Amino acid sequence: MSSAAWSREHRGPLTVTDDFAVLDDPVEQAAFTQAVDGADASRESVLVVQGMYCAACADTIESALDGAPGVELARVNAGTRRLQLRWDPSRTRLSELAARVGDRGYRLLPLQQALSIDERLRETRQALWRLFVAGFCMMQVMMYAWPAYVAAPGDIPPDIDQLLRWASWVISLPVVFFASGPFFRQAWADLKVRRIGMDTPVSVGILITFLASSAATFDPTGPWGHEVWYDSLTMFVFFLLGGRYLEARLRQRTAGALDALINRLPATCERERADGTRETVSVRRLAAGDVVCVRAGEAFPGDGVLLDPRASVDEALLTGEARPQTRRAGDPLVAGSLNLAGPVRLRLDRVGIDTRYAQIVRLMERAATDKPRLAVLADRIAGPFLVLVMLAALAAAFAWWQVDPSRALAIAVAVLIVTCPCALSLATPAAMLASAGALARRGVLVRRLQALESMASVNAVVFDKTGTLTREHLMLNEVLLRQGADRAQVLALAAALARGSLHPVARAVAAAATPSDEPLLDWHEEPGQGMSARLSNGRLLKLGSPLFTGAMPEHDAEGPRTYLVDEHGWLATITLSEGLREDARVAVQRLRALGMQTWLLSGDRASQAHRIGTAAGVDHVLADATPERKLAEVQALQRQGWRVAMVGDGLNDGPVLAWADASFTIGRAAPLAQARSDAVVQGGRVMDVVDTLLQARRTRRVVRQNLLWAAVYNAVCVPLALIGWMPPWLAGLGMAASSLLVIGNAWRLSRPEAAPKG
């Protein structure tokens, strides 16, 4: 191996530089890019945008990418600062698209790099330095301005007054040219592309205030008069920087649960060489068959088998179960779960995109880029809103110049600063993101943030039976055979037919016997009904429901049943045993207490469906329901005015899950990538469905509070600024406080005590 190859193999994660070359690295790109289903060449990437603060920023980034060669979709969520980018690698490269965004003053990073400790420390250090400079200079300027506040006219000699002004001017220079740097850079980047961003009115306000005050300092008898506003200038810059710093910290806490899940894997790990020694490698360089050592507190980098005698692991990410789980030698370990006690060794079976953890990350990344409808509306009005702000400030300056020229400038600056669309643009996504993070900690993965809005209005819950209200794992109970049939051979044929299906009944049949080695031809599955195939000798076999197989049930038995037939007719009846999930009855009772109606739609015969329905306490039971009939029933409920949530296993109920107002996939029967529901309940607890609906109602309440505050703030503060009752420093404080209140209110949803209890 060459030294260059060895370096590439053993180095840690790549770092994004200004040339964005790392975004084109195939190995690194696999962590945040995937192929688009149904497209020959398209790829979809999820990236973090640095430098954006509001909906106007999101609009600027989208406009920079829309229409670029090879770009099919560009969508930015202002609340999460995520970019969802669909692009054609045959026509463009990610580095080229990142450069286009860079020209607008923003930076694209892979999520893992954006969340790295070094990156966050660097950003925090820069923000704190600017905040410190602005705060220190503000206090000094206030000290020089204080005599003018308390002294009577004529008490301060003109030369001392001028000296204090010059001192304030000097102290204001670091505030304007260092602390305000981010405002000016972003405003200039926006103006270069003929757009108005959130930093444009702020920058104009800072420049006007500083230039007018400087003119009054250099020439007190000139046309600008003798009034200076260094105190207001330094104060509102300090308040704006302080507000943005606190907002960023709150935003990190609000999105922290999702970010922690997405960035759980370590950047590097120790891999054993053939001679038993160890080397440190990037987790993206691992392969199936590698033996790795995972230290206490770290996440397992892939799916594998435990080699040491014992391990204690936290699998809350995958199951929602908070209690530590004990694993012994030979037991499977899953990527993303945490090693709780002592270093352990495991042999990797699956790494990277092949793990369930990778599917969870994809799901969460898509949720983080999803735009609720209200957020889309806020993004659309942000740009025109800022234009109106500039015009309103100009009109205010002109009007006050006729009345009191000495106040015209300060009032115009106050109008520029106080009006802010940030609170409106953050009101909805911040709350929904916080709730999605809180639910993710409980093992509930929300695929679309918009779904939380639909869940909040649900008043009817429809359950599938098998694998939803009942336990996923069924057990073989009884086998009835045609005269002369061999039990072992029949079960082997049934297992061979069933092993290609994910349905709980089929999985139970496949696990009940060793599948026959005889090859099956023309294997086909009819969702929710059964499967068929031909043996090499042409013999046709069918396994499934009476309707699918044509079998006539002659025996009454409790539990799910499936029938095996051949060209001669009925061959066997396989009866399975199932039980109600432990929390199913409590969950249904809770739903009814909340005023919701409950339905059970089952493909099983009436006696079995009513037995489970009665045990669970549901209001209505419908048996012998095909997938088409389930869909028709849900549509009928919706026509009657019900807002329906469908809860299924995601295997044979895809159409009805997609049609319902809100939908849940419960358990782990279906692969996450194939789940068509709005939320995936990984732990298999029905009570988590109830908790999610309650969390959605809390989210709706917080969103309404945030929108009300944003509307009241602008309705009250803008008139106050126009009539001169709000000085620039107070306008800066109000602007910062409005966004802080919205983010802080949303953050309540992410706290553990805010999550609903079972």
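Quick reminder: no glycine exception, Cβ is built from N, Cα and C everywhere.
Automated prediction, rather than curation, is the source of TrEMBL annotations.
Per TrEMBL, the feature domain 'HMA' maps to 43-109. Taken from TrEMBL, the feature transmembrane segment covers 127-146, 166-184, 196-216, 228-246, 381-403, 409-440, 707-723.
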Quiz item: Do at least three C-beta pairs under 8 angstroms join the transmembrane segment (409-440) to the transmembrane segment (127-146), pairs 6 or more apart in sequence?
Solution: no
Quiz item: Mind checking which residues reach the transmembrane segment (228-246)? Cβ under 8 Å, same chain, six or more beyond either end.
Solution: 53, 127-128, 130-131, 134-135, 137-138, 141-142, 144-145, 165, 168-169, 171-172, 175-176, 179-180, 183, 202, 205-206, 209-210, 212-213, 216-217, 409-410, 413, 417, 727-729, 731-733, 735-737, 739-740
Quiz item: Out of 127-146, 196-216, 381-403, 707-723, which stretch has the largest tally of CB pairs under 8 angstroms to the transmembrane segment (166-184)?
Solution: 127-146
